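J.: Quick one: structure below, then a few questions.
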Amino acid sequence: MSLFNVFRKEIEWGGRKLVLETGRIARQADGAVMASLGDTTVLCTAVGAKTKSKFDFFPLTVNYQEKTFAAGKIPGGFFKREGRPSEKETLVSRLIDRPIRPLFVHGYKNETQLVCTVLCHDLENNPDIVAIVGASAALTLSGLPFLGPIGAARVGLIDGAFVLNPTRDQMADSVLDLVVAGTREGVLMVESEAHELSEQQMLDAVMFGHEGYQPVIDAIIALAEQCAREPRAIEPPAPEAEAVAAKVREVGEAGLRDAYKEADKMVRHDKVDAVRDAVTAAFAGDDAALALAGAAFKDLEKDIVRGSILDTGLRIDGRDTKTVRPIEIYPGILPRAHGSALFTRGETQALVTTTLGTGQDEQIIDALEGEYRENFMLHYNFPPYSVGEAGRMGSPGRREIGHGKLAWRAIHPMMPAKDAFPYTVRVVSEITESNGSSSMATVCGTSLALMDAGVPLKNAVAGIAMGLIKEDERFAVLSDILGDEDHLGDMDFKVAGTANGITSLQMDIKITSITKEIMNVALNQAKDGRIHILGEMTKALGNARSDVSDFAPRITTIKVPPQKVREVIGSGGKVIREITEVTGTKIDIEDDGTIKIASADAEATQRAVDWIKGIVAEPEIGVVYTGKVVKIMDFGAFVNFLGTRDGLVHISELSQDRVKKVGDVVNVGDQVKVKCVGFDDRGKIKLSMKQVDQVTGADLSTQAPAEE
């Protein structure tokens, strides 16, 4: 008799086999599913604590991890084991979290953890989609109060046609990389990068993905019908909850309504805090009621703000639903930075800098798919002072990594090709003030800072964050949302792009799903806002600077025959090290013979260019060269010239006068001018000093004899 009671569901999905299996591995987890697409396999587990946590929020943790053995590799580094999460692992963890979090039953606060481990990667099917599907299945089987399942799919656009779950090779030809996840009824999450696609194309792609993942939802339901655990009993609301909510409304409603008429964020928050203190004081001595009052206070805030917007069409700061906050822009604000811009929109501000480097500055990324280099980096920082708080400063958190990647996706399609602009580019966005949509301020500031640095973007890029308030059939889509509107609303919908189309779309829904109609309204309203912001950006800086900063390295590219690369590098890198040390330049050499020389000093660059050209040049008969005596023999002197080449100046070619001893004319280390006069039968170079004026370098053999 087998130890395992295995249940398995297998479907054909997008031309490949999707397999969901449970009962064999991780049987002590509440839910465990081995999900496979092709030969890419991810183990997804879900565990929920049996008791309610002490937190007033839902403590859900999602950990996505890639094991190097999945691709037949051993980790690098001294310890030879996996360490802290990579950027991709962090991003995929967020990708799984976002569509799952809103589907847990309201009020469920038990600590819950999802772990998705990549066990096998066929280097064809991306494991992120497999992980989302597996996580959804594990939760559906677990008995936890999860209102799923959800499905997920990747959508590509190749030769004008949408492709469901394109392979890695197919993605190289796609102008769209879109991940969509949601329920049978609607979409919960979108993450994408696009090459200036229209609003209609993006909407069609989302709906194509929504339709594409329906078979996955059916498969998970079919599996759950066979083996799902009994649903956990949910703790009912406390009997006194209604009475507490009524008292919170009685004490706090008037003060909150007054507070949310205040346009200034800091003043508004002070007023809200004062009302919260009054509510807390009203429950002094009743710890049980006080524990319920916090949630009731948040519900009251939501009712007031949301109701006001739906009833009046006016928002917290007095704007209507479509107006963008005032914008002020200062390009080139930091004189020594290679490029910079200060972008301020209302109470949200980003100080963005661009730094230009060489190929040696590229980021080397060791992924399961193999090592590759990235020459465009964008880093987003959110210090606590940006929201008027004192807090921990340290390495970037998941949110900072996610916001930076969103801005990177928005800008990346507009970056120039590497052969047209051979720099490594690093952008840093410091959020110095924040009241909503700081990631979109980063997009705008990045576009401006890149143009200020002389980076020839194909088109300027702007971004805008949209929000949603929905009650039954009534809804309002909000342009350029505030932080409070994001917190109290139902949707975070970020759109970035150019005047020609969308380059990035990110959507997160806090309710069970939204309709195609709402997405269509949001996309078109976002376009109007984006065009307005681009107009403001154009007023400040219409085009990229014609040249890079005086403080940035100048990169000169030359081409040498591939077979000459070894000569330029030299034995053990000796030659190239000498060139860089003597000239003070940075030099990158590629196998195809492309050499990039970088320096802020034009003269240093030219010296390095001349040096390299000298190394790869072939000696020509009749041409005069400058060289150095490297060895003396009885029959002549060996002179090094053209980098690594040596030639012999025979004793008879040292001087017009008769020479008895070579050392009478030259010594080792002397700089001399020599003329190539031919090659011997073994191909060795024959040189002459007597045919060259050692002062001027003139070729004496071409001058007419003096008249007597």
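In case you wondered, yes, glycine gets a Cβ from its N, Cα and C as well.
Reproduced below are the annotations present in Swiss-Prot:
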BINDING   Asp486, Asp492  Mg(2+) binding site
DOMAIN    553-612  domain 'KH'
DOMAIN    622-690  domain 'S1 motif'
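Looking at the shown structure, can you explain where the listed features end up?
T.: Asp492 (Mg(2+) binding site) carries a strand DSSP state (E or B). Cβ environment of Asp492 (Mg(2+) binding site): Ala465, Gly467, Ile481, Asp486, Gln506, Met507, Asp508, Lys510 lie under 8 Å away, each six or more residues apart in the same chain.
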J.: Going by DSSP, how much of the domain 'S1 motif' (622-690) is helix, how much is strand and how much is coil, in residues?
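T.: Its residues divide into 6 helix, 35 strand, 28 coil.
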J.: Find the average pLDDT over the domain 'KH' (553-612) in the predicted model and report it.
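T.: That stretch averages a pLDDT of 90.
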J.: Do you know the DSSP helix, strand and coil residue counts for the domain 'KH' (553-612)?
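T.: Secondary-structure breakdown of the domain 'KH' (553-612): 32 helix, 16 strand, 12 coil.
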J.: Would you count the other CB atoms within 10 A of the CB of Asp486 (Mg(2+) binding site), including those on all shown protein chains?
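T.: Excluding its own Cβ, Asp486 (Mg(2+) binding site) sees 18 Cβ atoms within 10 Å.
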